[in-house]
């Protein structure tokens, strides 16, 4: 008699699992996102500013490699289950093309979002870009209400607006001056940049909530969904390499500029993608946004202490206070 396979990763609790277990998973996954995103931002900053002898690594190739690693982790987990990898892929992935194709929507939207942000960065100053992109916090909440029928109190809406404002303040350059004098002279180039970042905010909100709906309203387990998402991530990521960096790859190779820091970034990106899926399933897209916002504050502060490439201003301290206040306010029970 064949021995039962021992799972590499324990099966996730079902919807009817004990509330305490789900609460632990909820807050643990959010804590992991805060820590992972903070370290990730610091490493990304360092990897892009460190002195290197050759050329720097290509971000497009790093994304593809992280998706490949994510897929390998998913394969390893599914292989450890009783049904095994082959049977699971045959039944759940290839055998359910409609379910699998649903993951093309968030994967495609994330790809479009990245291209829109690249377009916006070339047409907007850093301050305008950072402030406008925080609208993704509100678009996520809006799509949560529309698609998941989630109810938010006035207090929670105010908390979200405060969070958006606080994160924007934290990321403003220290010497930034608020001015409205140039509003009437806004160029077409500037308008294109604003339109791009607004569309990216909508894309981010919709993709996050759509993925949450798939994870919470589906019979397919989390690791199957992660496998499907990674497959599309690899395909779309490879397409981006061909369209954007093919010439550089042909000249200097796919792994040009890779070093220990680059590989650390790749592994963190892989780990972060899996952590996000846990947080999306056991918390929600809105709370994930709060976790990411807190990590922005922490990584900015760490840049000051560790990398010494940031000088805190009044905006930073005020923004940090607002983010903390918004986080506490969002979770407080509403007085009836």
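Quick reminder: no glycine exception, Cβ is built from N, Cα and C everywhere.
Unlike curated entries, TrEMBL annotations are predicted automatically.
Long-range Cβ contacts of the transmembrane segment (24-46) within its own chain (Cβ-Cβ under 8 Å, at least 6 residues beyond either end) map to 12-13, 261, 264-265, 268-269, 271-272, 275-276, 278-279, 282-283, 287-288, 290-292, 294-296, 298-299, 302-303, 306-307, 309. Taken from TrEMBL, the feature transmembrane segment applies to 24-46 (among others).
Look at TrEMBL and you will find 58-82 (among others) tagged as transmembrane segment. Beyond the ends of the transmembrane segment (58-82), by six or more residues, the same chain brings 4-9, 11, 88-89, 223-224, 226-227, 230-231, 233-234, 237-238, 240-241, 244-245, 248-249, 254-257, 262, 265-267, 269-270, 273-274 to within a C-beta distance below 8 angstroms of the stretch.
Annotation source TrEMBL lists transmembrane segment at 127-147 (among others).
Positions annotated as transmembrane segment by TrEMBL: 154-172 (among others). With a cut-off of 8 Å between Cβ atoms, the residues of this chain six or more beyond the transmembrane segment (154-172) that come close are 127, 130-131, 134-135, 137-138, 141, 286, 289-290, 293, 296-297, 300, 313, 315-316, 318-323, 325-327, 329-330, 332, 334.
Positions annotated as transmembrane segment by TrEMBL: 192-211 (among others).
Nonlocal intrachain contacts for the transmembrane segment (223-244), taken as residues 6+ away from its ends with a CB within less than 8 angstroms of a stretch CB, comprise 9, 58, 60-61, 63-64, 67-68, 70-71, 74-75, 77-78, 88-89, 92-93, 99-100, 102-104, 106-108, 111, 114, 211, 214-215, 254, 273-274, 277. According to TrEMBL, the transmembrane segment annotation covers 223-244 (among others).
Under the heading transmembrane segment, TrEMBL lists 256-278 (among others).
Per TrEMBL, the feature transmembrane segment maps to 285-307 (among others). Within its own chain, the transmembrane segment (285-307) has Cβ neighbours under 8 Å at 26, 30-31, 33-38, 41-42, 45-46, 49, 136-137, 140-141, 143-144, 150, 160, 163, 166-167, 170-171, 205, 208-209, 211-212, 276, 279, 316, 319-320, 323, 326-327, 330, counting only residues six or more beyond its boundaries.
Residues annotated as transmembrane segment in TrEMBL: 313-334 (among others).
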Self-check item: Residue numbers, six or more beyond the limits of the transmembrane segment (313-334), whose CB comes under 8 Å of its CB atoms
Solution: 153, 155-156, 158-160, 162-163, 165-172, 174-176, 290, 293-294, 297, 300-301
Exercise. Quickly jot the same-chain residues contacting the transmembrane segment (192-211) by Cβ under 8 Å, restricted to those at least six beyond its ends, or write none.
Key: 105-106, 109-110, 112-113, 116-117, 119-120, 122-124, 128-129, 132-133, 135-136, 138-144, 147-148, 229, 277, 280, 285, 288-289
